[in-house]
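Report on one structure; see the data block that follows.
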């Protein structure tokens, strides 16, 4: 049973997660995995109660998803990868001078997505539980199959497929090197810092390129980025998502969220584009079409994030969705605290899950929804004006160095840079994060199988 | 902190979907890395203190960088509605 101390910690974690990710969600160009995974990893390593961490994570993703569409509406700049599909529709509304409406519709869509996804995910996870034992017996094969499946589903499928074995060898090569020189005890797989190395791979590659004079000279140069903001106007009264959305938007958002939750194993961006365009395809009026598209897309991104985290976590304890393998990764695997045999799936009861999710979701929605609908313009202006992108990159780089050293000493800083270089190059060749993360999980098995064959 | 000989010249590059100035980026990386690892190394050698010290170092580095570096964005306010 939960005691008051733990509930207090959960509430604090939810408020903290909400406030931090309200600001981060707005900062342009923040990738979901890059901003959620490191912080969650760090919290897991500090040894907080698993239920507190899950509460934090739920509040964080809901706040992040509620807010990352705000700069789209206000300035046409996506606040994250997931908000990118909405840009086109938001710009239509901005042209019609309806940024305000855009924000209210999107935030309301998010709320609907959350309300639908939480119960659907809990139900679906319970349906899957009886099969969990059988599935868990094949964890390695499933992760390897996942890498192949994600490769086949990506845009550049052949190169993604061809990269699986070489990348697995690089990862295992470094691990065996560390065991050989004695910086890491044999059998301990360095994981966290490699994961972060992959995440900021594209940045590492660009940083190395800056050291090459010719490359540096050849880079495109830009003047400061111009961001158009509308004059500030504040809303009166308390917003209500059921009044802000029309009947049609409400039912389409609900429907899209429901199907988005069922399709939790697919890429959230993919589902959002596909279903989002599908629901709005038949509407002719440009403003109505766009409000319908953005409200249901925002509902969908929220729903697919929640279901992609909760279903694999509750039912299996194996990260079997793009969300679970990316942003939510630390809930599944963060050695030495969590491993695939010992993580939240094994530590939390069904009631624990419900409490964590409900507290996280309610706190995030209450705070973000009301703040955002009222102060969207002001928050955007603050973030754009005071947070330089350089500082954000510096922060990630510092965290990567720190965790690299903790994982395997000085030599691992070099190792993580190597992983980052290769991963960044692979990313540029069109091999997406999902494939790379799956290979990171499947690498020990792939290499053992290869060795057994020869 | 940084010397712009031609303040209006185009000297920003794009890294990870937003614009940065190379010198400013270098400055932010050096400040944050030095503070993070510096704090980590001076921490008492008992878990989880090195991690906490390192995190505080990273956060201080982030705040210092945010203060001394100007974002590469400018605003236009449009009148609508």
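Glycine too: its Cβ is placed from the backbone N, Cα and C atoms.
All annotation found in TrEMBL is predicted automatically rather than curated by experts.
Pulled from TrEMBL, these are the features on record:
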{"type": "TRANSMEM", "residues": "A:6-27", "note": "transmembrane segment"}
{"type": "DOMAIN", "residues": "A:11-432", "note": "domain 'DUF112'"}
{"type": "TRANSMEM", "residues": "A:39-63", "note": "transmembrane segment"}
{"type": "TRANSMEM", "residues": "A:69-87", "note": "transmembrane segment"}
{"type": "TRANSMEM", "residues": "A:107-129", "note": "transmembrane segment"}
{"type": "TRANSMEM", "residues": "A:159-178", "note": "transmembrane segment"}
{"type": "TRANSMEM", "residues": "A:190-211", "note": "transmembrane segment"}
{"type": "TRANSMEM", "residues": "A:255-276", "note": "transmembrane segment"}
{"type": "TRANSMEM", "residues": "A:310-332", "note": "transmembrane segment"}
{"type": "TRANSMEM", "residues": "A:353-372", "note": "transmembrane segment"}
{"type": "TRANSMEM", "residues": "A:384-403", "note": "transmembrane segment"}
{"type": "TRANSMEM", "residues": "A:410-427", "note": "transmembrane segment"}
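When Cβ-Cβ distances under 8 Å to the transmembrane segment (A:410-427) are tallied for each of A:6-27, A:39-63, A:159-178, A:255-276, A:310-332, the top count falls to A:159-178.
Among the listed stretches A:6-27, A:107-129, A:190-211, A:310-332, the one sharing the most Cβ pairs under 8 Å with the transmembrane segment (A:353-372) is A:6-27. Distant neighbours of the transmembrane segment (A:159-178): 147-148, 150-152, 184, 189-190, 194, 408, 411-412, 415, 418-419, 422-423, 426, 429-432, 435-436, 439-440, 442-444, 446-447, 450; these residues of the same chain sit at least 6 beyond its ends, with a Cβ under 8 Å from one of its Cβ atoms. Highest Cβ contact count with the transmembrane segment (A:255-276) among the listed stretches A:6-27, A:107-129, A:310-332 falls to A:107-129 (criterion: pairs under 8 Å).
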